[in-house]
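Working notes for the structure below.
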Amino acid sequence: MTNSNDVLLTLDRYIIRKYLSTFFFTALLFTIISLSIDFSEHIEKFTDQKISTKQILLEYYLNFIPYINGLLWPIFSLIAVIFFTSRLARNTEVVAILNAGMSYRRFLRPYIITALTLAFFYLLGNHIFFPRGNKIKFGFENEFIYPGNLKVKSNNIHLFIGPGVKVFIGNYHRNDSSGTGFRLEQYADLQLVYLLKARTFQYLKETKKWRLKDYDLRRWVDGKEFYTSGRNMQLDTTLALYPSDFIYYVNEKEMMTSAELLRFIRYEKERGLGASRLMRAEYHRRWAEPFSIVILTIIGASVASRKQRGGMGLHLAIGVAIGSLFVFFSKFALTFSTNLNMPPMLAMWLPNMIFGTLAWYLFKRAQK
């Protein structure tokens, strides 16, 4: 006679195996479709740039695969759960399991175990492995496909280069790391104690110094002002300011591991560059999205475990609709965090809160 615990373990293994096999099949299918679409879109640029096949395969497409999967893992989990659970429901296996005395909560245990496992690996991918691959993929992309991704801060630049030290720059030219309208202010106890202005400036790669031309220098010591005129003269000085501070890539945040992202946030904050809000949103997104796998798994199982007219087709349609809404809310959350006054952490977790509530409602409804 078969022990009931063995039956439960067998059922758990069966559901886990079905979940994972369907999940990876869905991922494989979407990956093949995405590769085909991406290649057809970029084939002209590949041929125009005369890029080697080795570069295309190893630098771009080898890293494109984890990139596209990293975007869609929560949706893959939802589709996978709905697909194989609908088949169980259609064959009245779910009803038989529940009639045998198993609670619905216990029935969902292997779903949750699998979802947590996927979420753990997704978490590692988000924080470490996806950004490392993106660094190579986007490096290739920024050089050969979308060179316009490189942006230059060229006008009216304000930043801090140290405690109480502020720099204003009128215009900056990336080609030769030069510019016009340089102004440096240093404060002590909220009082201006040092002011350096120059008509033009340029970075010297050999000495790693900035050359200021036609400058004026004012210092205040014990209430007395000291003035130095550098008209028609030049001054070479070292500043905590580099040409890299004036350029950035639009996809820069995706190329940083979370440790690098946190360092960059601190660096930007110290210099008053104002990009840290977007970076903070990216950091919290990496924590929030893995938990969505668990939430969407509960939603998918709760929807698909009920046998109803329309069967798998209806369940998949509902799943696609829920997945689309989830993506929609996720994109809006990013907009809220960057354009409104909503804290980035709250904005990134908002879709999980909304769909977590939906998951709880559907779970309670499915229990009945």
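Cβ atoms are placed via backbone N, Cα and C, with glycine included.
Because TrEMBL annotations are produced automatically, they should be read as predictions rather than curated entries.
According to TrEMBL, the protein carries these features:
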{"type": "TRANSMEM", "residues": "20-39", "note": "transmembrane segment"}
{"type": "TRANSMEM", "residues": "60-84", "note": "transmembrane segment"}
{"type": "TRANSMEM", "residues": "111-130", "note": "transmembrane segment"}
{"type": "TRANSMEM", "residues": "314-334", "note": "transmembrane segment"}
{"type": "TRANSMEM", "residues": "346-363", "note": "transmembrane segment"}
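Sequence-distant contacts of the transmembrane segment (20-39) (same chain, six or more residues past either end, CB-CB distance under 8 Å): 61, 64-65, 68-69, 72-73, 76-77, 79-81, 83-84, 114, 118. Counting residues 6+ beyond its ends, the transmembrane segment (314-334) has Cβ neighbours under 8 Å at 74-75, 78-79, 82-83, 85-86, 281, 285, 289, 292, 296, 299-300, 303-304, 308, 347-348, 350-351, 354-355, 358 in the same chain.
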